[in-house]
Amino acid sequence: MKVGVALSGGVDSAVALYLLLKEGHEVKAFHMKTKEDEFFIKKEIKKKVCCSPSDTADAMRIAHFLGVEIEIVDVKEIFREKVIEPFKRDLLKGLTPNPCAHCNRFVKFGYLMDYVLNQGFDAFASGHYARIEFSEKYGRKVIKKGVDLKKDQSYFLARIEPWRIERLIFPNGIYTKEEIRKIAEEAGIHVAKKQESQDVCFIPDGSIENFLKDEGITLKDGDIITPEGEVVGRHFGYPLYTIGQRKGFKIEKFGRRYYVRGKIPEKNVVVVSDLEDVFFSGLIAEDPVWHVEVPEEFRCVCRVRKKSEEAPAVVKVKDNEVEVSFEKKVFAVTPGQIAAFYDGDTLLGGAIIKEGIR
């Protein structure tokens, strides 16, 4: 089989490439360039991020070592259009966007995958910790969680188009991270011990404030208020805060522990409250993408953030919205994040959280 592999320059995609070669596939590597090299050179990189010049160098070295052709694909324009600009808009709307999920849908498993398939490849592969398997229950191939639940990345794949699943391969999904590193080490791949990417690739210094400043937006301090309207402190720019956060702002009224309850962008206000007020009985989400056919109402488990606990829930689907009712209240349901829906370890799809229901 002819397989195009997204090669980031990290150990996961390197091992995915290696495993496919071992299986006898005809393989070519594709490496995305999301930003100009100068962008990373000018920034202080506090955490390991993907798509930097060093990643490009590593990807080329991996491909050369494994004896495969590599092509550098310029995705800067589509990346700005589909990831950076929406991220910026959503921050200013008071949302907490998920750029990695948008990148997966529109860039990696959108533009890049189309680019690969249009070259005549049979399938597209990456180093994601997830599995592609045929489901007897749903009568089609589905995405399942990776066996290493600590590294499972299925959440970030919740909104990719369902037809693409038939053409995807995730070789790493049946391994743990430790096993992947061991395979790389035994194969002599030089990135076997390379640090994992930790942050948003286009914010290498980890500062949303600096990102917005680079985009021509200066944040303004504002009031922190209670739901009753009492001013209890000051914030440093509402886009810096997310639901459930309890640090990073200046509280002038002591004696209580405050958590971010919400934001009012048009008034430049952050609303805080007690811990119990940031637990939610449900949510409304919009623009759902379903990988399988689902009824108008069904039971499943829902994940509202990558590291959140899965919550048993009843889901009601109506037109372009989804109403989710949890069995037990869930912490910090955050507008802009992805609600991913599972049947056991099978990913059913995902939607963008519009609002939490208390």
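Positions of Cβ are set from backbone N, Cα and C atoms, glycine also.
Keep in mind the model is a prediction, meaning the values are calculated, not measured.
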Among G94, G110, G120, G127, find me the residue Swiss-Prot lists at the same ATP site as A6, L7, S8, G9, G10, V11, D12, S13, M32.
G127
Could you say which of the recorded positions A6, M32, C103, C201 has its Cβ with the most other Cβ atoms inside 10 Å?
C103
Distance from H128 (site 'Interaction with tRNA') back to A6 (ATP binding site), taken between C-alpha atoms, in Å:
10
Round to a whole number and give the Cα-to-Cα distance in Å for the pair M32 (ATP binding site) and C103 (active site, nucleophile).
11
Under 8 Å Cβ-Cβ from Q337 (site 'Interaction with tRNA'), six or more apart in the same chain: what's there?
T96, P97, N98, V304, R305, I352, I353
Proximal residue to D12 (ATP binding site) among recorded positions C103, H128, C201 (C-alpha distance):
H128
With ATP as the bound species and A6, L7, S8, G9, G10, V11, D12, S13, M32, G127 as its recorded binding residues, calculate the greatest Cα-Cα distance and give it in Å as a whole number.
16
Far apart in sequence but close in space: which same-chain residues, 6 or more away, have a Cβ under 8 Å from S8 (ATP binding site)?
H31, M32, C50, C51, D55, A59, G127, S197
